[in-house]
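Presented below is the structure to which this report refers.
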Amino acid sequence: MPSLNMTMGIIRPSGTEDCPGTVLLFERADNEQSYHSGAKHDPKDPSIILDPQPSDDPNDPLKNWSIRRKDLLYLTIFVNTVILAAVPGPVFASSTAVMSKSLGVSLDNVALLSGYQLLVVGLYGPFCSALARKYGKRPQYLFGCTMALIGTIICVAAGSNYTTLLAGRIIQGFGTTAFESLSLAAIGDVYFVHERGIRTGVMAIALTCLSSMVNIIGGPITQTLGWRYMLIIQLPFVAAAWILTFFFIPETQFRRSVGNLEHTEMPVQNTDSKEKTEEGSEVYQEENVDEQQTTHPSTSVAKRTYVQNLAIFSGTYTDTAAWKLIAAPFVVLHNPSVIWSLGMTGIVVALWVSLAYVFAQLWSASPYNLNAAQNGYFYVGAMAGGMIGGLGSAWVTDLITKIMVRINRGIYEPEFRILTQVISGTFMALGYFVFVWLFEHPFPTGYFLGSFLHGCICLGITVSTVSASLYMLDAHASETTEIFSLQMIFKNLLFFGFSHFVNSWAAKDGAQSIFRTYGIVAVCLTATSIPMYIFGKRNRLFIHKLGVLRRFYTGKE
């Protein structure tokens, strides 16, 4: 039986085709055919080859924006993602029991105040993705801020009228979509591969564990001032988000020529001259460098001024028909790695977030008897776990990637990002299965242990989100807008589904049934990372050669 053609546990494709995502990231003296004479390097560290390779256009954010300008943009998107994407969904989580009595509705109906909002986020997702592809991300950010402001004003004015409150929450949903679906893709617009790790980790914190901060603050507010003040306090922050977006988030999309849409892969030597290293890694050479790079002469394009960048629309970024752009997020479902990412960033997050629907119900009952403020403090564990997971996983992922790249003779494979899923699965299993024991053996101070376990789960899902997001950014760079939009659509539709039955499920079968089921699902999903790591490179080349999305957009074979 022939041996598998493997490097670092990753099965390499047969043949000599370039594999998208595989790049020479560090210059090595023992790379006999160096790529450095044609490729652009990091000016701070010449051993790092820039990926993707930037153009010379003065408006290309990859090359010609200073790191300070990029980080200001990133900080603004991060803050707005917290205000508009992390806060609205769980804003009533610690107040569920109080609101049920105040509004005179069932617990399930209170959950639907968030459920319908998240349904709108999911349903508007394809349109947001299409419009961002066509006209850029800035118009979607501004539209989102405007709708969030209108929705919050309606919620504040609703008083105790459930129907008006629900209408305001639905409008708020349009405000969440852009920042939830486009914030990670924006990292790929302005940062090179070696700059993305920590920034993706921090953004994942905004999209996961910072929702816990809302409950920590919201519980005491509900207890002392009443649940309506959650919305009253939220309003000025939403207004501030609109101002920040208008003045500090310019368009990040850049219309690149065809040769520069993917990562700049290092071309493999042809069959006649192909050599192998001792470990079986391909040796890359300089031929075809000019074919890989496409630049725009800086003298032919004027640099846009700050005032020009404040324009809502900056042109079109694709000539593809609108209906194709709307359908595109679903077209990428033919890619097995996209399906894998839906599990690791969609399902595991949806399971965790759906717990917010039931925790107030569980901890308010005997033997715990927590009030609204105490229900909010319970989320301190999740906040801590998510912060550790987001920052720690970004650092660990970058460290592991650098070690693997050095061992692999300077060649980077996106699959190196998957290795931290081991950490994710361990902490999710610990959290869910010990929770089962806790609810089978309840005791009055059990919520302290519960807070710790909730933090373990949050740490695990944050690590999972960082790992899978970095992998998709690096492995399928030209499809990230569609992929992240699909993840957002899928996740929010799951949220909506859970809001219909999870409270009844807890009341009927007990909380332990929920945690047992969630734990089994989380462990099984994490296990799929093993074949994804092993076969990921073959899948990348297969999907690239298949070109389904490319042919769908162009109509050409």
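In case you wondered, yes, glycine gets a Cβ from its N, Cα and C as well.
Automated prediction, rather than curation, is the source of TrEMBL annotations.
Copied over from TrEMBL:
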{"type": "REGION", "residues": "35-61", "note": "region 'Disordered'"}
{"type": "COMPBIAS", "residues": "35-45", "note": "compositional bias 'Basic and acidic residues'"}
{"type": "TRANSMEM", "residues": "72-93", "note": "transmembrane segment"}
{"type": "DOMAIN", "residues": "73-557", "note": "domain 'Major facilitator superfamily (MFS) profile'"}
{"type": "TRANSMEM", "residues": "113-132", "note": "transmembrane segment"}
{"type": "TRANSMEM", "residues": "141-159", "note": "transmembrane segment"}
{"type": "TRANSMEM", "residues": "171-193", "note": "transmembrane segment"}
{"type": "TRANSMEM", "residues": "200-221", "note": "transmembrane segment"}
{"type": "TRANSMEM", "residues": "227-249", "note": "transmembrane segment"}
{"type": "REGION", "residues": "265-298", "note": "region 'Disordered'"}
{"type": "COMPBIAS", "residues": "280-290", "note": "compositional bias 'Acidic residues'"}
{"type": "TRANSMEM", "residues": "338-364", "note": "transmembrane segment"}
{"type": "TRANSMEM", "residues": "376-397", "note": "transmembrane segment"}
{"type": "TRANSMEM", "residues": "418-439", "note": "transmembrane segment"}
{"type": "TRANSMEM", "residues": "451-471", "note": "transmembrane segment"}
{"type": "TRANSMEM", "residues": "483-502", "note": "transmembrane segment"}
{"type": "TRANSMEM", "residues": "514-535", "note": "transmembrane segment"}
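Counting residues per DSSP class in helix, strand and coil order gives 1 helix, 7 strand, 19 coil for the region 'Disordered' (35-61).
Beyond the ends of the transmembrane segment (171-193), by six or more residues, the same chain brings 23, 25, 42, 50-52, 61-62, 65, 70, 73-74, 77-78, 80-81, 84-85, 88-89, 116-121, 124-125, 128-129, 132, 137, 140-141, 143-152, 154-155, 199-200, 203, 206-207, 238, 252-254, 263, 412, 469, 473-474, 477, 480-481, 484-485, 487-489, 492 to within a C-beta distance below 8 angstroms of the stretch.
The stretch in 72-93, 200-221, 227-249, 338-364, 483-502 that contributes the largest number of Cβ pairs under 8 Å to the transmembrane segment (113-132) is 483-502.
Only pairs six or more apart in sequence are counted, and the transmembrane segment (418-439) with the transmembrane segment (141-159) gives fewer than three Cβ pairs under 8 Å, not enough to call it a contact. Note: the stretches the transmembrane segment (514-535) and the transmembrane segment (72-93) are not in contact (fewer than 3 CB pairs below 8 A, sequence gap of 6 or more). Counting only same-chain residues 6+ beyond the ends of the transmembrane segment (141-159), those with a CB under 8 A from a CB of the stretch are 80, 84, 88, 165, 167-179, 182, 228, 231-232, 234-235, 238-239, 241-242, 245-246, 249, 312. Looking at the domain 'Major facilitator superfamily (MFS) profile' (73-557) alone, the prediction's average pLDDT is 86.
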